[in-house]
């Protein structure tokens, strides 16, 4: 249980789990604003090292005395609802001392007060779309504050306290945290049942997006993807309640009878080995329509949709459309979103955070499009690690279908994260449903994963490590093993 005071004293803030992507970003912003920041985490990380260089006091391991790292006790303690158990010794000590304990989402809401909030929500694509919006707004000279779940490749950070009026952030629906915010622009990329361990039913999950739409401030906008049926329906319901709703998508893929106007229409999507050339017709309320073109260097139609959402959201937030489009051309991606890790022996290795069947399908389709555009017979090899027992049991058949888009696959055992193992449940429930004629390896031994991938791959292939857990480390191990007897090849930005 957490406390949510109307106004929180943010002069001295302690983070329990400060190394997480979401928590470390908010800690960065607080340090930049002059707050005394302390925290703890179970292990060292790059995020911890960076925060220490900025002046934060951080302990490795959780203990009650960590509340005294900076001398005086903190004025507030911040925790992540999903990752930190409520009997954590620091949380217990804080409550005994009468120190307010709040969630990360409560802190983000406090930090966004007084800003024009641009919130990106949806089952998939939040991090990529948020990152694109930030890149576009930066190019437009607006210097937005931002908090992202991943690290921008070009900026090298996941958060920033800007001088501009806009604050761009992800709106996480997994525990209804998105209902803490008051967006001027609220984007819904798509809606597909997920996090049912929290919501219980698909209907309850859908409802949280309806409630999010109702959080849009007076004069603000809800932006929805009209290619996604549930997002479009949510937009239509919101419009009936008097909310200003605008849509985006390719005209040929949108219901022409939709009550939501198509404000960012994708007119052209020309795919090449270098990425895609995009042409969009932007029709903002009260303005003459204009056509804009940009080149997108991250593959996949899902990324094209994300870029259209970012363009529309950025324009509604006050950015010049032509400058926003230039910012999308400059966008080089986000860590762990089809991230290029390197190449050895002609085998290119990419890493992606996808952990839902729809996301796995999207990233494998993007890899397939890249391979086909090169026209050199490249194959796609997937190394997948399921995330959560509950999600694996619910979507085993869908994961099998998604992985079948690859030419071959290595499937690691389940990364349980916050969940306890379920007796009799392994990743075999996925591999047993995959095509019999497809080369598939079920690998319960994590240390063997890199070798398994290498046994399947050949020069010219694209290898993808996929998942929200420790599979990201396999990408580096693959490159190390491939290059062990060769001179290491310097990783360089590929033509994606």
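Glycine is treated like the rest: Cβ placed from N, Cα and C.
Taken straight from Swiss-Prot:
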type	residues	note
BINDING	122, 123, 124, 125, 126, 127, 128	ATP binding site
- prompt: For residue 125 (ATP binding site), what is the secondary structure by DSSP, using just helix, strand and coil?
  reply: coil
- prompt: In this structure, which of the binding-site residues 124, 126 has the fewest other Cβ atoms within 10 Å of its Cβ?
  reply: 124
- request: Within 10 Å of the Cβ of residue 127 (ATP binding site), how many other Cβ atoms can you find? Include all protein chains, please.
  value: 23
Task: Could you tally the C-beta atoms, other than its own, that fall within 10 angstroms of the C-beta of residue 125 (ATP binding site)?
output: 25
- request: Could you name the residues, excluding 122, 123, 124, 125, 126, 127, 128, of the same chain that surround the ATP site, i.e. Cβ within 8 Å of the Cβ centre of those residues, in sequence order?
  value: 120, 129, 189, 190, 306
Under 8 Å by Cβ from residue 122 (ATP binding site), same chain, sequence gap 6 or more: 129, 173, 187, 188, 189, 190, 191, 225, 231
- prompt: If you draw a 10 Å sphere around the Cβ of residue 128 (ATP binding site), how many other Cβ atoms fall inside it, taking every protein chain shown into account?
  reply: 29
